[in-house]
Amino acid sequence: MSVRRIPAGLLTPAAVTAALALLPVGYLVVRSAEGGLDGVARTLLRARTLELALRSLGLAAVVTALCVAIGISLAWLVIRSDLPGRRLFGILAALPLAVPSYVAAYTWVAAVDLEGFTGSVLVLTLCSYPYVYLPVAAALSRMDPATEEVALSLGRGRSGVVLRRLRPSAAAGALLVAMYVLAEFGAVAIMRFDVFTTQIYTSYRAGFNRTPAAVLGLLLVLITLLIVVAESRSRGRASYAMRGNPARRPPIIRLRAGTRALALAWSTALAGLAVGFPLAGIGYWLLNGSSARVDLGELSGAVGATLGVAAAGALLTTALAVPVGIIAARYRGRTATFLEQSTYVGHSLPGIVMALSFVFFAVRYVPAVYQRSPLLVVAYAVLFMPAAVGAVRASVLQSPPVLEEVARSLGRTPLQTVRAVTLPLALPGVLAGAALVFLTAMKELPATLLLRPTGMETLATQLWAETGSGAYAAAAPYAALLMLLAAVPGFLLGRRSLKETT
Amino acid sequence: MSLRRLVAAALVPLALLASACGGGGGGGGEGQSFDDNSLVIYSGRNKNLVGPLIDKLRTATGLDVQVRYGDSAELAAQILEEGADTRADVFFSQDAGALGALSKHQMLAPVPQELLDRVAARYRSSEGTWVGVSGRSRVIVYDPRTVAAPPKSVFELTDPKWKDKVGWSPTNASFQSFVTALRVVAGEDKARQWLEAMKANGAKSYPNNVEILNAVDDGKLQLGLINHYYWYEKVAENGPNGVPSRLAYLPGGDPGALVNVAGVGMLKGTGHGEAAKKAMDYLLGADAQKYFADTTKEYPLVAGVPTAPGLPPFDSLKGPEVDLSKLDSLEQTITMLQDVGLV
């Protein structure tokens, strides 16, 4: 890592990505300005705005802290301990990603008398701890045991040095969790917990006056950027740059019998609550209602549409994320920071705000793609960019920069070096990022509803339609299939987290 | 080799895109041909509820109808963003508020007088820009296992005996219409006092009617403020024994007995005016009105079509007189709900 000029071949595509990601902000500024200073001030100065912002931040803080605790503990047990069945638990730890949060919330509300803050914390934590587990497990399995040995030889404990070295990967995961919670609407609404996004949705749903919603959207962007900046300040990237995979594997720690029983109970309970419980809930829908019917034509149509747009979304997101991720890993300076941080903007906004901004721009400037699949795919890319950028950055950081320097000294241009050295080395990590985006895009609802081609239904929109009329039994096949399909990339991600340990 | 891989990676999405577009069911609004046989409807009403009706409409009128399903308010916001270039020909809304918003932004074309006249004046726009097609009554859903005598007015709900026992949905459009009725009937001050008293009495907010109904059936609530037909839909899904709750229709012009409508309007920018009129004509015809009565258990708004058995007759409903087309009044309602801290 050094302060070098970013080659145009990387800078140009990265700038395109950043511009795309910042598009929604342009829309929000236009709509906010319509209300004049008066309208803006009226929205910002309401006591309720502050109250809800604090609630959202509180929820995000608690969920993120819990996800970090769960993610690190599970990753350590799976990668570093002799927990029985740890390979199975490693895969199970990634599978909650396949559970749509609104399905989990429905199940919890129906089965247990749980709502409000506690209910929201429970559901969001159970759905999003894999965001921390996955990067931490990867970092743990790559950690050079020498560092720990030094700590031990100096009479220090193992955990301090391990935790310190896990900080960047845990922080990256925590950032995704925090942003996810801030933009979340469906699950918290089912849990009857009003948050910041509730107010944005209410402005659209009730007022038909778009200024308040836009002002609140901008405020949400601002809050997210503050968190992103704080995370990157604390990251201190240079000192954590990897020097390739260590020569030796870290040792497996033997658990004492009591600890082992506890660890087993902990891992089992998490998997049961996060994956087993929603599955059981869907089974209950199926058995309890009379609307159960399967229209194979509709079902297969929805599967095809879901897989098509989600796969295209994953590929486009990854393609756009590669230049930004490489720049974030290998270059410093204001431009590099700006490019990386701008990609977080789309992710911080609720789906409806994102979708309306794409309606606004597409209708005016590229009507040919409006209500066609390509527009939806681009929207997915903006929504899910941070996960892909993070994956690219992390995997590029793993390969030693010296290899690239050798290629350069042999006369390759910076771009040739990227193609011949950086990308091939980072490819597995980049593909894992694509899998994560694929899985998230399959579950997406609000933007899909507004941007899909008229007549196209995905599994998520079908699920929405069936539950919206109370036909839970008819919704069950869609929910089950959605979870099953999303479980495939989830399984691959979980297995990947184990790969390097055995 | 890595270059080849890159190229391959770039080709895959293109292939997928192509297939996704092909399988994407038509793509509404493409190639603005003004063939008056095709029609795009934005429907805020649920696909399960009106899908079969749209099929009948296709058969009866011979129109090539494409439907875009969504949430009424979100679709209205989408149409407002689309502006003059909207892809919608007809907007089929779950409630009058979303239609009023489009009308206020000059997005709706006049509905032919002949169609307007089929529906009583209180269930259509006073400017003639939209018309109600089906009615739904606000009701109190109660749990007979714990409630012997349900309240006869929403004003009883502030009584301490209902503390923490009542569910409502302040963000829901039909609830907001009810609050508008409350303001008209009882005056601004009393309406605000009622909202504050309800809040102080621990009224619980839910995202929608279905969740309130489920909470009453699960014994989490004793009373809930909902629209009548959600209960009938649940009985159809779970069987009569699977739904323990019962409905109370409020007497004497109580605001809690307001009759709301679902309705349709035609977009100004539509190139398919004749087709749009045909579709609206069908929705206000005997066939569709009978469908609303029998299948969705709503009240037909066109005279001469009977209400489904099991529902109180339409003329027995004693809702308050409120002009559903007054959107400005709805905005005052929202402001009041915001001031009280409910939305």
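Heads up, the Cβ atoms here are built off N, Cα and C, so glycines get one too.
Here is what TrEMBL says about this protein:
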DOMAIN    A:53-231  domain 'ABC transmembrane type-1'
TRANSMEM  A:56-79  transmembrane segment
TRANSMEM  A:91-111  transmembrane segment
TRANSMEM  A:117-134  transmembrane segment
TRANSMEM  A:170-191  transmembrane segment
TRANSMEM  A:211-230  transmembrane segment
TRANSMEM  A:261-287  transmembrane segment
DOMAIN    A:303-493  domain 'ABC transmembrane type-1'
TRANSMEM  A:307-331  transmembrane segment
TRANSMEM  A:343-363  transmembrane segment
TRANSMEM  A:375-396  transmembrane segment
TRANSMEM  A:417-442  transmembrane segment
TRANSMEM  A:471-493  transmembrane segment
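Between the transmembrane segment (A:307-331) and the transmembrane segment (A:117-134) there are fewer than 3 Cβ pairs closer than 8 Å, counting only pairs 6 or more residues apart in sequence, which means the two stretches are not in contact. Taking residue pairs at least 6 apart in sequence, the transmembrane segment (A:417-442) and the transmembrane segment (A:343-363) share fewer than three C-beta contacts under 8 angstroms. Outside the transmembrane segment (A:91-111) by six or more residues, the chain places 74-75, 78, 119, 122-124, 126-131, 133-134, 137, 184, 186-188, 190-191, 267, 270-271, 274-275, 277-278, 280-282, 284, 436, 439-440, 443, 445, 460, 463, 467, 479, 482-484, 486-487, 490-491, 493-495, 497-498 with a CB less than 8 A from a CB of the stretch. For the transmembrane segment (A:375-396), the partner stretch with the highest count of Cβ pairs under 8 angstroms, out of A:117-134, A:170-191, A:211-230, A:261-287, is A:170-191. Sequence-distant residue pairs (6 or more apart) of the transmembrane segment (A:56-79) and the transmembrane segment (A:261-287) include at least 3 whose Cβ atoms are under 8 Å, placing the two stretches in contact.
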